[in-house]
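Novice: A single structure is presented below for examination.
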Amino acid sequence: MAQAIQHVLIVGGGTAGWLTAAILASEHASHKDNGITVTLVESPDVATIGVGEGTWPTMRETLQRIGLNERDFLSFTQASYKQGSKFVGWRNGSADDAYYHPFSLPEGYLDTDILPYWQMHCGSQSLADAFSGQSRLCDADKAPKQAATPDYAGVANYGYHLDAGKFAEMLTRHCVERLGVKHIKDHIQAVEPASNGDIQAVVTRNHGPLKADLFVDCSGLNGLLIDKHYGIEFESAHQVLFNDRAIAMQVPYSEQDQAIASATIATAQSAGWIWDIGLQSRRGTGHVYSSAHMDPDQAESALRHYVAQSVGQQQAEQLSCRHISIRPGHRKQFWHRNCVAVGMAAGFIEPLEASALALVELSAKMLAEQLPRDHQTMAITAKRFNQKFLLRWQRIIEFLKLHYAISQRDDSQYWRDNRNSNSWPERLAELLELWQRQSPSRFDFEMAEEIFPSASYFYVLYGMGFQTQIASNARVQRQLQQAAKHYQQAQQKTQQMLAGLPGNRELLQQITAASMAATR
C-alpha cells in the first residue's frame, strides 16, 4: 500500500513560506486531529527581503480563505489599497507620457470589442479613462470602497500595497495560533535522502532530523532543496528581461496627512525604472535597472534624485538604501520527486506588475487543492504542476517584455536593446503582429487563471500608443453600437464613484482607528 501524505514540511519563512503554510493548513485542517500536519522551519537569522510590496486582487480571496479579517490585516501590516499601476515615461518619455493599467475590467470588455469605438469617438481620452473609471479614482487618490462596504468587497477591483515584513509577522501568528502550523526556528545543516531519491528529512542544528512526506522549498534565492540538494537547472530570462539589479529605499511622507497613492507608480529611467508604493506610514521606493547599461552608483544617484523631488535633497541623501542582485529566470522544474519550490526558490524576475506574490498564491493554491493522497500519484501531480507553472512563467515574461518592446523611447541603448525584436519571445512577436490587425481577445489566452488576462494586454498596448488597424465591416458596426452604450455607462459610473468614494488615507485612518479601539 502506498504511503499516505500526512506531513508537509516547509523550509523557509518570509511571505512565501508563511503564505504557503497558511493556504495548506487552512485547506487541510491542520488544527484538527484528522488534518495534515504542516511544519515550517526557518533560520532565526534570515530577514525577509520584501522587494515586492504589491499584490494582485487575488490576495483578497486568499486572505479570506485563510481566515484573516481584512480590517485587522490593513491595520497590522500598514497596508493600503492598490487599484493598479501607473506607468510614467514608458511610451516616449515626453512630459505628458503616463497611462494606467487598472485592475477593473473595461466596461463591456467581456462581450464587446470596444477598441473601434475608442479609436473613432474618444479623441485624446485614454482607453482607461474612456471605459474604466478606475484611472480617474487613482488620479484622485480615492479608495476602492466605502467604510460600510464589507470586508474584501469593493466598488472597484483592488489588491494591496503592504509591508512584507509585517505581513510575514501577521501570517506567522495566524498560522501558529489559529491554523495549527508547527513552527521551528533552527538552522538546516544537511538534507537526508531516502534510498529512492526522495528527501527523507532535513537535518537541523538543534532539533536533529525533521522527517516529512512532502517538502516545500521556500528558502528564497538559496534554494536549499531544489538547487543545493537536487541541482535542478535554472533557466535564465536575462536575454529577454535585462534588469538584474535593484536598489530599495524606505521613504517617509513629507506631511503626516499626505495623500496615499492608489496605484503603484512605475517611472521609466534611462536603464530601468523606479517603483513608488504608498503605505499608510511610509513609501516604498526602489530602482530596478540593468547592470549592463548602468553602474550601481549611477543607479543610486538616479533613485536619490527621484526621491529628492518629494522630500528634498538633504533628506534624500540621508536615507539608507539596500542593493539587491536579481537573477531573472526560473527553475526548469518546480516539483521534483517529493520537493516543491515556491517563491524565489522557484524563480524571480523584476517586480514590474507585482507577479511575485501572485505566483506564490497560485503555487500554494494548486498544491493545496491537488495535494497527492499518497506517493503513488505524486509523479503525476508533479508533472501537471510543472507543465502549468512553466507556462505561467513564460506568460509573465512575455507580458513584462511587452512594456519594453513597444516603447518608442530612443534616448538610451537600454531602450533600443529592448525594442530589438531579437530579444522578444517568439509568441509575443506573433501576437504583436496579429494585434496590428485585430484587437486582443480572451481567445489569445487559453489558460485558466491567467495572471495577466487579455484586458491587461489591452490596457498596456493602447496606453503605450500601439496601433491596431480595424477594418470597417458589419461586425464592427454592430460592436460600435454596443460600445457606445458601455462608454456612457462607464462615464456615469466614474462620476458616481468620484462623488461617493472617500480618499485612500481617509478610509484607512478610519479603519485603523476602529481596529485600535477594538483591541483596547
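Residue numbering: from 1, along the chain as shown.
Glycine is no exception: its Cβ is also placed from the backbone N, Cα and C atoms.
Pulled the feature table from TrEMBL, pasting it below:
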- Gly13, Gly14, Thr15, Ala16: FAD binding site (BINDING)
- Lys82: 7-chloro-L-tryptophan binding site (BINDING)
- Lys82: active site (ACT_SITE)
- Glu353: L-tryptophan binding site (BINDING)
Novice: Would you mind reading off the Cα separation of Gly13 (FAD binding site) from the residue listed as 'L-tryptophan binding site', to the nearest angstrom?
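Specialist: Per the Cα atoms, Gly13 (FAD binding site) and the residue listed as 'L-tryptophan binding site' stand 23 Å apart.
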Novice: What three-state class does DSSP give Thr15 (FAD binding site)?
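Specialist: Helix, per DSSP.
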Novice: Can you tell me how many other Cβ atoms are located within 10 Å of the Cβ belonging to Gly13 (FAD binding site)?
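Specialist: Neighbour count, Cβ to Cβ under the 10 Å cut-off: 28.
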Novice: Using a 10 Å radius around each Cβ and counting other Cβ atoms from all shown chains, which of the binding-site residues Thr15, Ala16, Lys82, Glu353 yields the largest count?
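Specialist: Checking each of Thr15, Ala16, Lys82, Glu353, the winner is Ala16.
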Novice: Cα-Cα separation of Thr15 (FAD binding site) and Lys82 (7-chloro-L-tryptophan binding site), in Å?
Specialist: 18
